[in-house]
Protein chains: 2
Amino acid sequence: MATIDDVAKAAGVSASTVSYVLSGKRPISAPTRARVERAIEKLGYRPHAGARALASARTNVIALMAPLRVGVNVPVIMQFVTGVVTRARDFDHDVLLLTQDDVSGLDRVTGGSMVDALVMMDIEADDPRVPVVAAAKQPTVLIGLPEDPEGLSCVDLDFEAAGRLAVRHLAAAGHTDVALIGSPPEVLLRHTSYADRLMRGLRGQAKASDVTVKVEACDASPAGASEAVDTLLATAPDTTGIIVHNEAALPHVLSRLADRGIVVGADMSVVAVCPTDVALSQRIAMTSIDLPAEDIGRVAVDMVMARLDGEQPSETRLLAPVLTERESSAPGPAADDD
Amino acid sequence: MATIDDVAKAAGVSASTVSYVLSGKRPISAPTRARVERAIEKLGYRPHAGARALASARTNVIALMAPLRVGVNVPVIMQFVTGVVTRARDFDHDVLLLTQDDVSGLDRVTGGSMVDALVMMDIEADDPRVPVVAAAKQPTVLIGLPEDPEGLSCVDLDFEAAGRLAVRHLAAAGHTDVALIGSPPEVLLRHTSYADRLMRGLRGQAKASDVTVKVEACDASPAGASEAVDTLLATAPDTTGIIVHNEAALPHVLSRLADRGIVVGADMSVVAVCPTDVALSQRIAMTSIDLPAEDIGRVAVDMVMARLDGEQPSETRLLAPVLTERESSAPGPAADDD
DNA sequence: CCGATCCGTCGAAGCGCTTCGACATTGATA
DNA sequence: TATCAATGTCGAAGCGCTTCGACGGATCGG
């Protein structure tokens, strides 16, 4: 591989001049710049990333810690990842992928100066990773909201507002008995922050709108979904509005309802909280609150980059939920006729 | 951050001794080693990755190029990724994530010496990325089989054998008219290698077993799946055995069959080619040929690591398909009664 | 017409590590 | 007892880049 000295020699300049051509940190005359660029081109020169990192204390790499465990929510995770990776490239950064459980990986990549910054997904209320990255010299953005962010920036959909919005939508349509079919029990037990927040919004608005709200955890399997539906209908038979916050279970919930002869969009209104493409690929176009996963990933990168080169203070951004009415929701029993 | 010199000073040895303690490349006496290790511990020392890469020409990072486009097969992709990442950690390597279309990223990470090796997924018959990585100094393993591997190692499920196996299974059960519901048309058009290979096996065995085989491409959407089923049943009404090679469409194919009153496992035998967990999370446990995605990812890393430090020649490994009989397949019309 | 300024370029130092050859010790061997 | 090979440690060079201070020459104002 050609080095910067080779390029310098070929262009008849010093190595530092080549460096300045590349970085633009000092003015270089047009003819010199042109000679250097030609030499770079001719030699196929690529700066050595390690050398650069050593000299400049910048790696142009960010770490992304993603929950790679199979099963739950995988397509949604992929959307986050896509958002992060593509946006990182806009900032001329690459992405180092860490798996969720690899807490020691955080030390490794921060302590070893492998990355300039971190993005962490799927944050729990009391997440053991938060103190680790809070102590690191690299800025971090959390996707999700821990109880104590310890000075770190956070970004997420405003699930609390989403919960309110969903209930308000159903209540306005005349539903008085609504329910949530939510995340798998283990997610709820972990107190994954989004599940908690959604529930808080749900309950608050239920009180305000004077509707009842029943909550069912739900495994992502067909059996789990059936069970959740059956339990719900047994214990709260008056339910006419369901909010589903579980991408993997959604199709099975709809199947089960259909099997029981319940027509979604007529007998039963269903509002999903999920990415738009998931809402649209069900057996019926779902009224849904969009989970803009790719956007969130992008925003996370924007935030982390801002902190990287200004001395921005940390911030928390909660994206406002948007509900799109489609075919799965309809007026309920208490609706005024029109 | 502490440097190696800090550690050396604290332990009362030279920097090179610290280095040798860390790498084990020269013998160090037990007491010295202990002093050094204590100093490392006390200072929380982490070698600087860039410095290390510069001095040793090793980054301990491998690149993984994965198709992050949304929609198709995402969970399967995630399994590959998981296999690669976890296995890479076993070799003390991290993973840099590149997106499929980022061909220039290949130059960037290889030319810039950001990675020691590469793994590329979703290889097409005539893949433009192959010549690029073939020219790189880093070893590469392809997941999938290009027409011309240009000296690179490859690994994949033996889809051709899988095709034969599926047909043989159905033929042995007495089916004489079988069909493939396969990948989306755009995948077939790209001549993604696995689709081609599956088809070749299918056709070959069909001839040998004297059964007919009809092929339908299939979009991953519910509509696409319905259409594929409808077309198939219209143009080949005698079909009693279907092979589905399309994870995303599989549930919708089953739905459509059910909607049409066709009982899978009785009227119609269906063999899926997909990961086991997908096969098991359908409305009925599917007879399937396992796509061992995580294994393949792991093997890819094993292969690339082998090439990294022996001077192994390149090799191609095709994993033998395994068919597991479950509830979705049954004897066909030509079966001997028993 | 001279000092102050600015522009464009260079040289050298240094980032933190690995690795090679050299140098003491020590123990075994003849 | 003199010799030789291990064994354990050190010093120095160098990996390829960035960046800081310096410097020559052109430009400008007074």
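Note that the numbers count up from 1, one per residue, in the order the chain is shown.
Heads up, the Cβ atoms here are built off N, Cα and C, so glycines get one too.
Annotations in TrEMBL come from automatic prediction, not curation.
Here is what TrEMBL says about this protein:
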DOMAIN    B:2-56  domain 'HTH lacI-type'
DOMAIN    B:3-46  domain 'HTH cro/C1-type'
REGION    B:315-338  region 'Disordered'
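The helix, strand and coil residue counts that DSSP assigns across the domain 'HTH lacI-type' (B:2-56) are 39 helix, 0 strand, 16 coil. In the predicted structure, the domain 'HTH lacI-type' (B:2-56) carries a mean pLDDT of 96. Per DSSP, the secondary structure of the region 'Disordered' (B:315-338) breaks down as 0 helix, 6 strand, 18 coil.
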